[in-house]
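Chemist: I have a structure I would like to understand better, so I am pasting it below and will then ask my questions one at a time.
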């Protein structure tokens, strides 16, 4: 959009006074006519010295006026300067935006050449349907990508990511997480559900910062309050630890809370009880690049609504 520039209005001040200059009279001596014209312009009292002084004053005034105009014209209005700088910033941001997508384009073309085309039969099969063995519930944190960390290939894992990798209990009603859970378990027939927590989780930090007697006012607060049981258990078990250590404790406790919540879904509990579905917890520490994994112990009395879970096959990968 064109930026309108402020125009400078230059008023024209006539050199003569309000009386008009009479036309030359041929009967007058030319030299006298010239003097009359000069007197009319500069005033009847002007003499030759006065004329020179007046002319100098006029020249000085013109020089000053011209100098002032040049100075004024060289000054950009503040608003225009600000808008021009803003336009420059927007252009730079646009260039960066294009560069990001150019890089993304190259990554896609590399994927197509080195993976898709080399395993075309596999991808053609995936185009007809999916049958993943895993459902993964992970955090939306950009540093926690299940496919990158655990090497899942296309078609191997049905992945849901949300703030703090939480699973709300069945009685909380529908959400995008449990809608995906229903689809994965009942339609895709996944054999494993893996809930992955991680270090330095902002959602867990928000949960641990909440006040017990204050209702959450933000969308994030309302969502992470799903893990309130994990917070209560952490406060009881780790109250002597500092805040950062409490958060780390809660990051793992929250995974167990989600595992218990999974069992509140009738179709999940039934399949776990029948041995058709396994439920696992995981914790990825990207500070030292280690991974902890455990499996919910499958017993008929394993479902404990107090939040305690029995686990087996705990392993550390580092």
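Cβ atoms are placed via backbone N, Cα and C, with glycine included.
In TrEMBL, annotation is done automatically, which means it is predicted and not curated.
Note that the structure is predicted; figures quoted are calculated from it, not measured.
Below are the features listed in TrEMBL for this protein:
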type	residues	note
BINDING	139, 141, 198, 201	Zn(2+) binding site
COMPBIAS	1-10	compositional bias 'Polar residues'
COMPBIAS	16-27	compositional bias 'Low complexity'
REGION	1-32	region 'Disordered'
Chemist: What is the Cβ neighbour count of residue 141 (Zn(2+) binding site) at a 10 Å cut-off, with all protein chains included?
Modeler: 19
Chemist: Taking the mean position of the Cβ atoms of 139, 141, 198, 201 as the Zn(2+) site, which residues outside that list, in the same chain, have a Cβ no more than 8 Å away, listed in sequence order?
Modeler: 138, 140, 143, 144, 164, 165, 197, 199, 200, 202, 203, 204, 251, 284
Chemist: Long-range neighbours only, meaning 6 or more apart in sequence with Cβ under 8 Å: which ones does residue 198 (Zn(2+) binding site) have?
Modeler: 138, 139, 141, 143, 144, 165, 251, 283, 284, 285, 286
